[in-house]
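Swiss-Prot has this to say about the protein:
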- C132, C238, C367: [4Fe-4S] cluster binding site (BINDING)
Amino acid sequence: MSPVEKPVEVEKPKVPKRRFVGKKPQNITIKDGEQPLTKTINPARHIGRVMNQIPDDILNDKELNEAIKLLPSNYNFEIHKTIWNIRKTNCKRVALQMPEGLLIYSLIISDILEQFCQVETIVMGDVSYGACCIDDYTARSLDCDFIVHYAHSCLVPIDITSIKVLYVFVTINIDETHLINTIKLNFERGTQIAIFGTIQFNPTIHSVKAKLENDTEKPMYLIPPQTRPLSKGEVLGCTSARLDKEHIKAMIYIGDGRFHLESSMIHNPEIPAYRYDPYSRKFTREYYDHKQMIDVRKDAISTTKYATKVGLILGALGRQGNPITLDKLEKSLSEKGIQVVKIILSEILPQKLAMFDDVDAFVQVACPRLSIDWGYAFNKPLLTPYEAMVMLEKDTMGDEKVYPMDYYSKDGYGRGSIPDHSHLTT
């Protein structure tokens, strides 16, 4: 086992300052002036309590268990559970959807399901950035009657999808001892630390929390924050908890990459952020330029106030786009006398939007991080639903450097609601 890690100071990248590159129109004055996501009614479907006990003939099937050994042992693809659910529903064609990093295992899983369930399988090769990309619409158009969505949590409830859905989190076992010793080395006894990660590492987070709280040598108090309806300790790139800066002294993200961690860094700029990479076992101190991000976003909001025609984009990558949010935005924009052009796009690219010459600005109902991370690269403002409502003076952006990251919270814009952000001004 490698020695425990002291945090490495990640060098801040030297990049040109981001700025909004579009130009404000000249000589134009500013004008004065719930239900679940597209629920499909299916009276024949009963959502109720089900028995969770997988039959012994599946669990103890020697041939099946040998086939499962072809998959990595530290990745839990829940093959027994999947087979049981497919057999129960008597489905004939099953769609398998997973992020690109897991596609290497897709054909093994496909062969196992075809052999032990006597079904046809279709591996969906389009990108799957998150649970919002679950593509039950495409699966149904391919005559699938069941879809297995891997590596993401149940962001889109199973009672509103067009076909039967099974979410497989693909939890990953990691070296907990190394993580525990790393935390103990870098923090004082009794420190309160927020710990979170993607759903793959959720069991690890809760296991490490219990072990450190009961550590007789150097107890630590780990707090897995929760933004309902997400699980405790789960974070998304667009949704994270607002932490109590008076008590939480640091936050630790378990996972590779920074995308999901940045959500919490944007939402909690006052709290030091650390990242533990379970693959390289490196522990690093992470930084985010909040001021630059908020300056760029405020500039885009300010520029959009001059717009007379706005392109309202509905994301068509899986279930990224929420038609209810789109309708609310269209109504609010129209009330201000702004002409609305509705656009459907699976992926929102600068060169694509540049073709809409007569549109002054865009509002996208797809992924808020697209605007936050890449909005500066578009030649016209590209606002999130939150930013559009701020521009229309129907939501709040505080003077302090806190930007809300609650898109898929229970009252978030991603669910067709308008959240309360009045606390940002206090």
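Including glycine, each Cβ sits where the backbone N, Cα and C put it.
Proximity of C367 ([4Fe-4S] cluster binding site) to non-local residues of its own chain (separation of 6 or more, Cβ distance below 8 Å) is seen for Y129, C132, G237, C238, G315, Q320, given in sequence order. Excluding C132, C238, C367 themselves, the residues of that chain whose CB lies within 8 A of the CB mean position for the [4Fe-4S] cluster site are, in sequence, Y129, G130, L236, G237, Q320, A366, P368, R369, Y407, Y408, G414. In this structure, C132 ([4Fe-4S] cluster binding site) is part of a helix by DSSP. C238 ([4Fe-4S] cluster binding site): 25 other CB atoms within 10 A of its CB, across all protein chains. There are 25 other Cβ atoms within 10 Å of the Cβ belonging to C132 ([4Fe-4S] cluster binding site).
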